[in-house]
Amino acid sequence: MDNYTLLNEFILLGIPQTQGLETLLFVVFLFIYFFTLLGNSLIFTAIISSSTLHTPMYFFLGLLSVFDMLFPSVTCPKMLFYLSVRSPAISYKGCAAQLFFYHLLGSTEGCLYSVMAYDRYVAICHPLRYMLIMKPGVCVSLVIIAWLVGCLHATILTSLTFQLVYCASNQVDYFFCDLPAVLPLACTDSKLARKVGSINVGFLALMLLFSVCVSYVHIGVAILRIRSAEGRQKAFSTCSAHLTAILCAYGPVIIIYLQRTPNPLLGAVVQILNNIVSPMLNSLIYSLRNKEVKRSLRRVFQNITFHGQK
């Protein structure tokens, strides 16, 4: 039996090729993270406080705002900590937790995008039966299924990764614990974990993207059948914000998978776009492109101003 010296912590080396830029990166990421939390918390508050937004569409949008606060919180606080105090160590259990929650929240949010696309399909293609089809019980069931898919996906990846033995080098050449960065440090054979991880991530991403495309093909056909320009504009406007958010979420992932040869710097930039920038953009997209959300946000600000003047 091999005598391994097991690791109890990992060292995160950070974003590749950014040595000497720690202070600048800290300021930039702190700014983005702050506005991500602020923007999404305002949208969530606006949806909760306005009775006119208590519909299936805004129920899912409220959940998306919660995910857009939680998802970057898996990686950003730790990254800000080591950028500010230059302490890149993360415990073995902390690394496992980071990988698990990153994939749990990321895949569940991907499922939520598919659910939201289906919701828009029902609203535009079956408007008279919309509230009958998207009953509260159905909405909750769809969210539970999304959580279960995300939990299964994250459990498979985390268990396969951390059942391996890690010894010798503990330097993770990345800014957080993810499969491609952690698996090369394994002292035992990691081929199965790599293969299952690639298939699992690739299959789930393709299935979710396919489901979104199917919903929007039906939506596109339904919009083209609407005779009035005003009707087409109204139908399209209800989907434009969601479609823009999907492009922001899937765009970086598609870019990274189309690479012929992996580029560590490009991979890190894409992950930052997906994990940190995209959640901030979602709050901007929905607050700028959705009239109902803008109206409700205005009321929230008016209430804050009114109470502040008392």
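Using N, Cα and C of the backbone, Cβ positions are placed for all residues, glycine too.
It should be emphasised that the depicted structure is a prediction, and the values quoted were computed from it without experimental measurement.
Swiss-Prot assigns SER50 and LYS291 to topological domains of the same name, so the membrane does not separate them in that record. Of the disulfide-bonded residues CYS95, CYS187, CYS95 has the largest number of other Cβ atoms within 10 Å of its own Cβ. Per DSSP, the topological domain 'Extracellular' (77-95) is made up of 13 helix, 3 strand, 3 coil.
For the transmembrane segment (265-285), the list of distant contacts is 15-17, 29, 32-33, 35-36, 39-40, 42-43, 64-65, 67-69, 71-72, 74-76, 102, 106, 174-175, 178, 180, 241, 244-245, 248-249, 251-253, 255-256, 259: same-chain residues at least six beyond its ends, Cβ to Cβ under 8 Å.
Outside the topological domain 'Cytoplasmic' (45-55) by six or more residues, the chain places 61-62, 65, 292-293, 295-297, 299-300, 303 with a CB less than 8 A from a CB of the stretch. Across the candidate stretches 24-44, 96-116, 203-223, the maximum count of CB pairs under 8 A to the transmembrane segment (56-76) is reached by 96-116.
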